[in-house]
Amino acid sequence: MIPVSLVVVVVGGWTVVYLTDLVLKSSVYFKHSYEDWLESNGLSISPFHIRWQTAVFNRAFYSWGRRKARMLYQWFNFGMVFGVIAMFSSFFLLGKTLMQTLAQMMADSPSSYSSSSSSSSSSSSSSSSSSSSSSSSSLHNEQVLQVVVPGINLPVNQLTYFFAAVLISGVVHEIGHGIAAIREQVRFNGFGIFLFIIYPGAFVDLFTTHLQLISPVQQLRIFCAGIWHNFVLALLGILALVLLPVILLPFYYTGVGVLITEVAEDSPAIGPRGLFVGDLVTHLQDCPVTNVQDWNECLDTIAYEPQIGYCISASTLQQLSFPVRAYKRLDGSTECCNNHSLTDVCFSYRNNFNKRLHTCLPARKAVEATQVCRTNKDCKKSSSSSFCIIPSLETHTRLIKVKHPPQIDMLYVGHPLHLHYTVSITSFIPRFNFLSIDLPVVVETFVKYLISLSGALAIVNAVPCFALDGQWILNSFLDATLTSVIGDNDVKDLIGFFILLGGSVLLAANVTLGLWMVTAR
């Protein structure tokens, strides 16, 4: 949930700004000087909205717009083609996203949920917590577009990345419009930045009369320039992300494991034998981990495959086991240990007569320095008198052996997703002690936000929807293509209106259902 303190600060801050503005504008003594100050600085204030416009950058914009005219002509021609394709493709993309959302809503109905409580401990043998998990159908839902709500599906500690990426994407978008307008001989009045509640953005002020006088194709180059620049920025971000290991090679190396950068206070991985900042994880069970992608894939495999077992000799099994009374849990699994034990785990195995038995064993002694297995046959390769013991845990709970040498292995008992969400990692390991382990994470996270938000700005703005770039792209496109075919402007305008209406309804449906999906959970 959104922290109450954040809401109070935002609402309180805007209240102070608006009331101060109102008092100064109502004051007999300060009214004229205050309004003159606002006008001279290009500032305007309204409820939850502040806007700043300046002509300081006009010289720079004109310099960029008049440099290498032929190259810019080709550049914005590419942008025009991209914009038209993106406008029509956005219908397909929004339609697909809407269908995915509806399918997810059906999958997330009450009948599709299953939950189980899981406990874990990180004292002498494992890490401890309790929680519940839902059906896996919603975990693998990947959508190109998703509604983002700060504090709900956007972590509060990543708001800085989010808003910085939003501002940069907006500035690049408007720079595209500004340069294209100057290239097409449209007067450029100024550039500005605004803040709406907590969302920053940018804008350019163009002379409307000039825009109306130029040809539809010239208008298309201007209107498509913003989303074209956002698309290029996203591509550059992807390139930077791919080349990041090479760029940071003199200072950081990769490919040997993942480095722990943060462990949440409520993480089940916290404990005397848990994970610590600076630990290098090399394996999850028998799954080798060389980078972040391996870590995620290993956790996915562990989560969606049956619990793996461990080979143990008959003599060790006899030595460690003791008489137990097995009973069924509510989810149908079997328990045979004291519920309050932090070191013992219930294991199941088949004896030489293929009869399933259960025994309570000290987890660390039972699984330490043993090979993994699925059946007794996997253990016969090393010793004829060995059994494959499998932890008898609740439905979504797993026992995971986390190798982080030179420390002793961590034994984690719980849902793999809890390990995923409460432990922060990086693939970059510093070559020198004075280097920060957080720097690559900061750079990588910011670039990912920049790619996502710049790409999203390109897609959403291309939608033929009222008040978005897509509206003006569509109008200019219809003027350029249908004027010679349809002589009646009213018919052409009617076609444009229905396309805009369809795009607006489609976008509104995606946003509404997306918000409902995010906030209703």
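Glycine is treated like the rest: Cβ placed from N, Cα and C.
As annotated by Swiss-Prot, active site applies to GLU174. The Cβ neighbour count for GLU174 (active site), using a 10 Å radius over every protein chain in view, is 21.
Among the features that Swiss-Prot reports, N-linked glycosylation site is placed at ASN339, with the record citing sequence analysis.
Annotation comment: Swiss-Prot describes 113-137 as region 'Disordered'.
Restricting the average to the topological domain 'Lumenal' (25-74) gives a pLDDT of 92. Summarising the annotation, Swiss-Prot assigns topological domain 'Lumenal' to 25-74 (among others).
Annotation comment: Swiss-Prot describes 108-146 (among others) as topological domain 'Lumenal', evidence class similarity to another entry.
The topological domain 'Lumenal' feature in Swiss-Prot is assigned to 254-448 (among others); the stated evidence is similarity to another entry.
According to Swiss-Prot, the feature topological domain 'Lumenal' maps to 479-494 (among others).
Under the heading transmembrane segment, Swiss-Prot lists 4-24 (among others).
According to Swiss-Prot, the transmembrane segment annotation covers 75-95 (among others).
Annotated transmembrane segment per Swiss-Prot: 96-107 (among others), in sequence order, evidence recorded as sequence analysis.
Summarising the annotation, Swiss-Prot assigns transmembrane segment to 147-171 (among others). Tertiary neighbourhood of the transmembrane segment (147-171): same-chain residues 1-3, 6, 193, 198-202, 230, 233, 445-446, 449-450, 452-454, 457, 510-511, 514-515, 517-519, selected by CB-CB distance under 8 Å and a gap of 6+ residues from either end.
Annotated transmembrane segment per Swiss-Prot: 176-188 (among others), in sequence order.
Same-chain neighbours of the transmembrane segment (189-211): 10, 14, 42, 48-55, 57-58, 61, 150, 163, 166-167, 170-171, 173-174, 177-178, 181, 219, 222, counting only residues six or more beyond its ends whose CB sits under 8 Å from a CB of the stretch. According to Swiss-Prot, the feature transmembrane segment maps to 189-211 (among others).
Same-chain neighbours of the transmembrane segment (231-253): 82, 86, 168-169, 172, 427-432, 435, 440, 443-444, 447-448, 450-451, 454-455, 458, counting only residues six or more beyond its ends whose CB sits under 8 Å from a CB of the stretch. The annotation transmembrane segment is assigned in Swiss-Prot to 231-253 (among others).
Here the transmembrane segment (449-466) has Cβ contacts under 8 Å with residues 83, 86-87, 89-91, 93-94, 144-145, 158, 161-162, 164-166, 168-170, 172-173, 226-228, 230-231, 233-234, 237-238, 241, 473-474, 499-500, 502-504, 506-507 of the same chain, all six or more residues outside its ends. Marked as transmembrane segment by Swiss-Prot on the basis of sequence analysis: 449-466 (among others).
As annotated by Swiss-Prot, transmembrane segment applies to 467-478 (among others), with the evidence given as sequence analysis.
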Fill in the blank from the handout: Given the transmembrane segment (176-188), its same-chain partners at Cβ distance under 8 Å and 6+ residues beyond its ends are 58, 61-62, 64-66, 69, 72-73, 76, 79, 204-207, 210-211, 214, 218, 221-223, 225-230
Handout entry: Secondary structure content, the topological domain 'Lumenal' (479-494) (per DSSP, counts of residues)
Key = 10 helix, 0 strand, 6 coil
